[in-house]
Structures are given as structure tokens and as C-alpha cells.
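All remarks here apply to the structure that follows.
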């Protein structure tokens, strides 16, 4: 099913459709979606160990594999949206699939025959020993429900951010000038992640409390109801949305360029890029904000745009598997140039995967009392990460950006890549703190004779873990927003849902790498001195954390090298206003490039975040 509106109607539909008025529907959908997702995922390790009676390592690997699948399906969803379905219908279908999965999870928690009987004794419940493990049929019911939620995320995650940005992309926001007064400005992506973290904060407080103190039936039922509200809110805004027509399969276009270049691998590339094939009419549907211009990198693929005998089909134009336009060649180049930067995010996800598994079990062994009658649920330690990210996002736009702008002269204060690099460095510090805290907890357990009593409470306050979560939240505020803005801005226009899916593919690859790392460490340290075991007091989780820190340092060096070598895409001017100029005044700081036959300026630009305060309200 394709979108009804086309780009040709954009000028007519802008007064009625799109803009800031669509944000409540889109962000409400994503808020409820994340509330439902985090409300279950935050405490999933507890459900698997305490309710399904799985060993800790197996439960941890199940968790990371589930996260990997949930973050792999967005690639398929992004391709479907960009190819033929469009973003609206992809989000709607994904939301329905997710709703079905949540219903299945709630039923599995309510029906006694779908879970094993409870263990006898608190200590046994913690260790998972001498408990009846979930049967294959019970696990099958659980995994099928998780599969439905994974399919659902494939429709929502790659499209929500791009769909939200579409509501402003067709407009031309007024140009910002230096020193212009006005209210604090929030970029769309900062606002999006702020809403996501707010949903997470509510989930890890209210939902986790219900799961720990009321029961898993209500603990999963509340997120299920929230997801139903998300679907309803999103569909209700249908008449208001700008629904951009899909531009055809991006994978097909990329494959056509690769095949054409390989066929002409022995053809010489002309020194003058102007001799390469170009077709503005053919590229119009995938370049409404400007065509990509020729770059001197990855010149092997330029052969796809060299015209040779047999490339043209009479009056019907070029044969796409033999001849591509410069814009389509540059689409492939842009994706290839982004991949090394994208890959640096994989280890970041791997390094954070233990926050939902080992760290929660670690918190369960510590003194969680805040007052005589109030205890912090282990999964609610994520509150510190959520609050830190919310605070960092607010301070970043309101306090840091104006000061950094004066210091660096860059309109956004720092570039997307610089923001990402800062996040990588802060994340490594988070795991270093985690290693130190675990060392302290284990020494306390040894000094009090608790090494062989995994169910006992170690006399160390769980609040010692708050700094590692808070630092990790601050890292995410830099890393997550920076990566998403980079992928969205530097991706070709016709591949933005696919580019957003690359963000989630990072999550998937990082989750699977987390599984591989945990499995490898578990196997290599098996026996006496085993690092990862059900009894954390006898394990050496601190050494695992230090290993992760070492890998992060190597990853940071790799990222810095890739960022130094990265070249931003070259984009032509549209209607006298360049893309960089439209979003900010970055063109005042760029050197003028060549001009095309119509006199358009050609710029090497880093696109700036779309600012909600730049959008004219209807």
C-alpha cells in the first residue's frame, strides 16, 4: 500500500497538513510505544530468572538476543517504507503487530499453565537452583510473543523519527541570523529523544513497581493498554500528516549502481565529471531537496555513470542495470562513507547491554532501602540513567550550544561527529565506575562472609550504582542524538527510513556482540575463578567490566580516525537556498563550490538539526 500524497502536491498541502500540530499524535505514539517496551524490557531479566527459572547467563543471552532481533527487524521495515508502503502505513502495521505481542505476553503472565510453578524460598528464587525450569512449550509461548513485538518494532522504529521530520521537511523555515533573539530552541531530534527518555522514566518507576509489588499480570497489562493508546493516537492524526510518497526500493538503486560499475570495470572514467550521465527528471522523486553532486572518492563506482554503447534504450531512456545517474552513484558512495562511523556505535551498545542484565542482578544483592519502608526495585536503577539523559538534553540546547557556538563559530556548537565522540568517551568512564563499584560490593561480601550466600543482602547501598547509570545517561544524550542526526542528515533523501534503520541495526549488532562477548568470557573463565556465574559474590563481574572498558578505548581511537577522514556529502542548491542554509546559516562559513548549468551553488555541507522554533505555526 503506498502513500496517497506525492511530493508534487507538497506546496498545496502545506497549509493544511504537516507542521508542529502533528507532533502530539506522532510523539504520543512513540511515548506510549517506548513506555510499553521499556516497561517490560527493563525487568525482563527478573522475569526470566525469577518467573521462568532460567540460569543467569542463559537469561542474559536470551535478553540480548531478543534485543538483537528487535533492532534487526527495523532494517526490513525501513526498506518496506522507502520502497512501496510509505512511513505512515509501516508505522501503523508495526504498531498493530506490537500490540498483539504485548497481549500474548500479558496472557502468558496471567495463565498459570504458561509459566512454571514458583520456587520455594527466597534464596532459591534468586539463584534459580532447585526450581522447575520453564518447559519448552512455555518458553515457546513466551518467545512467540517476543517475536511479535520484534516484528512490530521493525515497523515503528525506523519510521517514527523520519516521519516526524517529514512534517517539517517540505516547508522552508525562515533563515536564522546571528544574534537573533528568541526563545530557547529545541531540535526535533533532541525533542524526540527527550520524549523517549521521559517515557522510559515513567516505565522504570511505575511499571517496575507494579511488577515487583503487585504482579506480572498487571505489570504487563499496563504497558499493553499504553500500546493500545499509542496505536489509537497515531491513527487519529491521519488527516493531518504529510505522507511523502516512497521513492522506490533503495536497495534496488544501490544494486543497479554496483552492477553497472562492475560491468564497466575496464572502462576509463573521464577526468571531467560533467561527462558523466545525469538525468534530473529521473532523479526528481528521490532528490526533492537537491541532488547529490559528484565527489572524488570511491571513483570505481563512477563507471556506472559512464555512457557506453548499449546503455540507452531508444526513446525510453537509460537501462538502469547498465547506466546510473551521478546522483544515484553518490547515493551508494554516501552509504559506504557512513558505514565506518556507523560501526563505531556497535561496541557502545555492547558495553551497555549489561545494564539490563548483570547490573540489575548486581543491584538485587545490595541494600536497596531508601527509608525503613521503601526499597528501590533493581530494575528501577535505570531511573538514574533516564534522569541524567533528560537533564543533559535540556542543558545541551539551553546552556551548552550558545556557549559552544561562540567558542567554535559552528551554528550547532559542535558537529554531529564531535557530539558522538564525546558520548563514546563518557560511556567508557561509566563502565570504569561500574567496575570500581562491583569491586567494592564483592569485597564487602567477602568481609561479611557472604561469598557463598547469593540470596543474602550485601551491606553496601545500591545508591553506589547511581553514578554509573547517570554517567551512562549523559553519554547517551551525546551519542544517541549525535548518531541519529548524523545518519538522517548524511543519508540520501530517498533512504532516510533505511538510514534510521541503520541506527537500530547498530543496536542489533551490539546486542548480538554482547551475547558473543558474554558467552566467550563465560567459556574462557569456566571453572575456578569463573567471572560470570549465578552467584555474583563468587564471580568476577568487575573484571568483565574492565574488559569492556579496554574495548571501548580501542573503539574510541577507531572512531576518531574515521571521523577525521570522513567527507560530508556534496549537495546542490534548491531554488536558490541550499540545504545547509535552509536549516541554518552554515553556508556563511563554507567555501563556495562550483555552479551547475542553472547557476545553483554547490556546497559541501553538514546539515544542521531541524529547529522547531524555526517552523511557522499555522
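Here the Cβ of each residue, glycine as well, is placed from N, Cα and C on the backbone.
Curation plays no part in TrEMBL annotations; they are all automatic predictions.
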Transmembrane segment according to TrEMBL, located in which of 292-312, 313-333, 376-396: 376-396
Range annotated as transmembrane segment in TrEMBL, from 112-137, 138-163, 216-241: 216-241
Range from 186-210, 216-241, 338-356, 544-561 with most C-beta pairs under 8 A to the transmembrane segment (376-396): 186-210
Recorded stretch that, among 186-210, 216-241, 501-522, 544-561, has the most CB pairs under 8 Å to the transmembrane segment (338-356): 501-522
Tertiary contacts of the transmembrane segment (501-522), as residues 6+ beyond its ends and Cβ separation under 8 Å: 57, 60-61, 64-65, 67-72, 74-75, 77-79, 153, 157-158, 338, 342, 345-350, 352-354, 483-484, 487, 491, 530-532, 544, 547-548
